[in-house]
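The annotation transmembrane segment is assigned in TrEMBL to 27-46, 66-86, 93-112, 124-144, 156-177, 183-202, 297-317, 329-354, 375-395, 401-427, 439-458, 470-489. Marked as domain 'Major facilitator superfamily (MFS) profile' by TrEMBL: 28-492.
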Amino acid sequence: MTEVKIDIEHVPVANDPRQWSPLKKHFSLFLISGAAMIAGFAGTIQNPAVADMEEQLPATSEQFSLSISLYILVQGLMPLVWCAISEIKGRKMIYLVSLAGSLVSSIAVAVSRRIELVIAFRSIQAAGLSAVISIGAATLADMFEPAERGTKMGVYYMAPLLGPALGPIIGGALTSGLGWRSIFWFLTIVAGAIWMAFLLFFRDTFRKERSLTYQTVLKQHAIARAKNDIGHEAALPRTTAPASTPNLHGDVEKGKEAMGKEDADALAVPAAQIELTLRDVNPISPLLAVVRRINNLLILTASGLMYALTYMINYTGARTLSNDYHYDALMIGVITIAYGLGCVAGSILGGRWSDYKLSQLKKANGGIGYPEMRLKSTTIGLIIFPPSVVGFGWACREHTHVAVLCVLLFVAGFFTIWVYSSTLAYVVDANKGRSATAVATNSAFRGTLAFIATEIAVPMQDGIGDGWLYTFWGFLMALSGLLILLVSWKGRDWRIRAEEREAKATGMESH
């Protein structure tokens, strides 16, 4: 079986982002990381204010829990829409629109007097902030070659992973000093500063020539226009001389033959003459194209389960530290930051290790590399990760010293992202020309599974205790590891068959 040579990522473009200076590229990386950090801690920053918000709004525990769950769900699903628009209109517009939406919703939450309004505007805030995470990964794919993406993804993902750990500390300090509404005024100020930075300094990295989604829609328009022209020519009276048809090569008969083959190369409709608009945005078709591939479906499931654990462990861990260890909100934030620090370390080192293993395996294969090689770097993490999760649960069950909890939280966080940074880079590498949609689909899997995990976490924790709750999650993490290993073994064959099938279906031949 031979690799399909569809290298749309390297189609020549004007002002190629991959040819930008290192300073310019790393400044863009800094900007999107800053925006992603806001998205990270905005989800957890209100947790220390639960008691104050329930009393002042007023609200029930169920309503407050719903606000958290909906935030996670919306943040996971909305990137499908944002990414579909970004593949037509570019990245910068999405950054500006989404950040503006989060800014306005932060103000609305800050002045809300009813929990229903808080739930509604927190959902809008989640929708806005969701874009920076998914579009951020696509922006990195626009700028950096596959060989260095693992490292860059690792650096980038520090921000949204450290954010949830920092959120409770920042929220606790603000609530204690200025009241819970100050949390959302703080988010307003930060979102406004980031929005202004994007407006003034960010240069769009999107190039339509390298977007498979854009080119597919463009071709559909060209075919439709050519068919209309053919129909118009065929309807002309025989006594009438054929009108000039600048949109087709040759005469009408040749055009009919070409259209019968659905061959886009037979269409002479210049791309400049076709303007794609928001009406061409269709998140469903690209989404289906991603999940139809078996390798994508398995890796997205594994990735989603691992990310769901990060929400579950922060949520249930905080409850244990409050109920069993009797710590206040600020102390809980200080302890759970151990998980965030582990995530940061795992993100940096895991990304570098992923790139190193890819380079090593590529060299051993005669200089030929393919995306599945990157997954070989996850083996160490897949072995250590599940036991660390189970160990944390039983340590909580036995009420061991808090230092033990901190160590296990750090280890679990480290190996969560050690593995996750490689799976995310794989999702980008294995979906050339469709990286934004692939990352958005990854976000949808994450958000949906995290929503479910959050909703069932408390009943399971109260019903079977921390020990068996985390044993269950250790089993899920082991299952995720098996899925990743399966993709590293069989994924290349599955991916190549899918690429061949898609190339035949769309007529996008190798170039």
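Cβ coordinates are placed from backbone N, Cα and C, and glycine is handled just like the others.
Sequence-distant residue pairs (6 or more apart) of the transmembrane segment (297-317) and the transmembrane segment (329-354) include at least 3 whose Cβ atoms are under 8 Å, placing the two stretches in contact. Within the same chain, the transmembrane segment (183-202) stays apart from the transmembrane segment (329-354): fewer than three Cβ pairs sit under 8 Å, each pair at least 6 residues apart. The transmembrane segment (329-354) shares more Cβ pairs under 8 Å with 156-177 than with any other stretch in the list 93-112, 124-144, 156-177, 439-458, 470-489. Long-range contacts of the transmembrane segment (156-177) within its own chain (CB-CB distance under 8 A, at least 6 residues past either end) are made by residues 29, 32-34, 36-49, 52, 133, 136-137, 140, 183, 186, 310-311, 314, 318, 329-330, 332-334, 336-337, 339-341, 343-344, 347-348, 351, 413, 417, 420-421, 424.
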